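Visitor: My questions will all concern the structure given below.
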Amino acid sequence: EVDWFSLASILFLLVFAPLIVYYFIMSCDQYQCSLIDPVIDLLTGNKYLSDIWNKTPTLTYRAAGIYTLWVAFQVVLYMCIPDFCHKFLPGYVGGVQEGAVTPAGVVNKYEINGLQAWIVTHVLWFANAYYFHCFSPTIVFDNWIPLLWCANILGYAVSTFAMIKGYFFPTNAKDCKFTGNFFYDYMMGIEFNPRIGKWFDFKLFFNGRPGIVAWTLINLSYAAKQQELYGQVTNSMILVNVLQGIYVLDFFWNEAWYLKTIDICHDHFGWYLGWGDCVWLPYLYTLQGLYLVYHPIQLGTANAVGILMLGLIGYYIFRMTNHQKDLFRRTNGNCKIWGKKPEYIECSYMSVDGTKYHSKLMTSGFWGWARHFNYTGDLMGSLAYCLTCGFDHILPYFYIVYMTILLTHRCIRDEHRCFSKYGKDWKRYTSAVPYRLIPGLF
């Protein structure tokens, strides 16, 4: 059942999320990244909405061709080239991997080759930039708003197709969820794991490719535009490229681990993931680099080092927290965390068929500090991206605000699910680890 608050939230996002993306990108294109000046112009009558809209670049055949080739290339890398990186990179898990058990009891198999796709794409990008010169390295920035319309077309098309597919030809009918509310089903999705054929998985492809592979290319295009406009790339732009590049590489290095996360294990595929991966992620996660094209900032050495350290420490916490949890799960607690045997709480839960299962919840290491300390590290990294842009405008800080809301909401969703699953055992766990994100505060 869909309560009124959920429905109101979904209608708000369906209406305003695309407008938010447009407003941010338009403000950089027409107002030097000021979020306030467009509102002042409209309220004072200096401009009308039609004036702003008429100055907005439209969809072009060039942008449509670029975007079509980009998506098609990523489909080819995803579908047609089995992973070979796991054969020569020690510690990397690629190739065919199994996902979590779905509610219908299905265990899907995935071809994990995101790191390979990222490497091939970036090798070709640099080869073109330095040798072949088939297109300018600034091609993404130069077509940024026309590409936005292309991304929206794909986002809405794939979301609509996923909904129709869920009704008429689902991959697995038992893994479909129908609420009877059109807007909720469109937003949150009907099918759990929509697929075409055996290997094309909508969730895995659209979350990682083309959005996250593009993330670092978009930043590189911003850096190239800085070089073109000002004759140099600032250290703030380099920091954005390095810190966000580490995050992207971490995602693909641990793509097999991603199969166990909330996106794959619990979310259905609808507009939230389909449009979000095509539009929201590449356009709003890269705002810092876009801002620095319009406002190049050369940071002082102390500030640059401080931001770099904040980002690296945040990444270390994010990665090591996840590593501790993964190690604990893989060894069933027979391991060492910070040099000693981990502490944990024994839990039990009942499946829908009446079978009783037992589990362990770790209460030591980073997981003894807070119940979602990996998110704390993620937020530290997010803040570092924003700090590279100084304090003259609020636009670059949208990312840390958004990530704080997103990850806090995920905490609440995850804990509600865990309480439903473990009951009184979950209360014992929250008593042992009382804080969610920040030890001593929250």
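Cβ coordinates come from backbone N, Cα and C, glycine included.
Feature table excerpt (TrEMBL):
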TRANSMEM  6-25  transmembrane segment
TRANSMEM  115-132  transmembrane segment
TRANSMEM  144-164  transmembrane segment
TRANSMEM  229-249  transmembrane segment
TRANSMEM  269-287  transmembrane segment
TRANSMEM  299-318  transmembrane segment
TRANSMEM  382-407  transmembrane segment
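I'm curious about the neighbourhood of these features; can you describe it?
Guide: If one looks beyond the transmembrane segment (6-25) by at least 6 residues along the same chain, the residues whose Cβ comes under 8 Å of a Cβ in the stretch are 35, 38, 144-145, 148, 152, 181, 183-184, 186-188, 271-272, 275, 279-280, 283-284, 287, 290, 395, 398.
Beyond the transmembrane segment (115-132), the same-chain residues lying 6 or more positions past its ends with a Cβ under 8 Å from any Cβ of the stretch are 73-74, 77-78, 81, 83-85, 89, 92, 94, 209, 213, 216-217, 220, 224, 248-249, 252-253, 255.
Remote same-chain partners of the transmembrane segment (144-164), defined as residues 6 or more beyond its termini with a Cβ less than 8 Å from a stretch Cβ, comprise 18, 21-22, 25-26, 29, 56-60, 62-64, 66-68, 71, 185-186, 189-191, 194, 202, 206, 269-271, 274-279, 282-283, 290.
Long-range neighbours of the transmembrane segment (229-249) within the same chain, counting only residues 6 or more positions beyond its ends whose Cβ lies under 8 Å from a Cβ of the stretch, are 115, 118, 212-213, 215-216, 219-220, 222-223, 285-286, 288-289, 292-293, 296-299, 304, 307-308, 311-312, 315, 381, 384-385, 388-390.
Sequence-remote contacts of a segment are chain residues at least 6 beyond its ends whose Cβ falls under 8 Å from one of its Cβ atoms, and for the transmembrane segment (269-287) they are 13-14, 17-18, 20-21, 24-25, 148, 151-152, 154-156, 158-159, 162-163, 185-194, 202-203, 206-207, 210-212, 214-215, 218-219, 222, 244, 263, 395-396, 398-399, 402.
If one looks beyond the transmembrane segment (382-407) by at least 6 residues along the same chain, the residues whose Cβ comes under 8 Å of a Cβ in the stretch are 24, 27-28, 33-35, 236-237, 239-240, 243-244, 284-285, 287-288, 291-292, 295, 297, 299, 307-308, 310-311, 314, 372, 375, 437.
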Visitor: Can you name the far-off residues of the same chain, 6+ from the ends of the transmembrane segment (299-318), with a Cβ under 8 Å from a Cβ of it?
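Guide: Non-local partners: 234-236, 239, 242-243, 246-247, 250, 366, 373-374, 376-385, 387-388.
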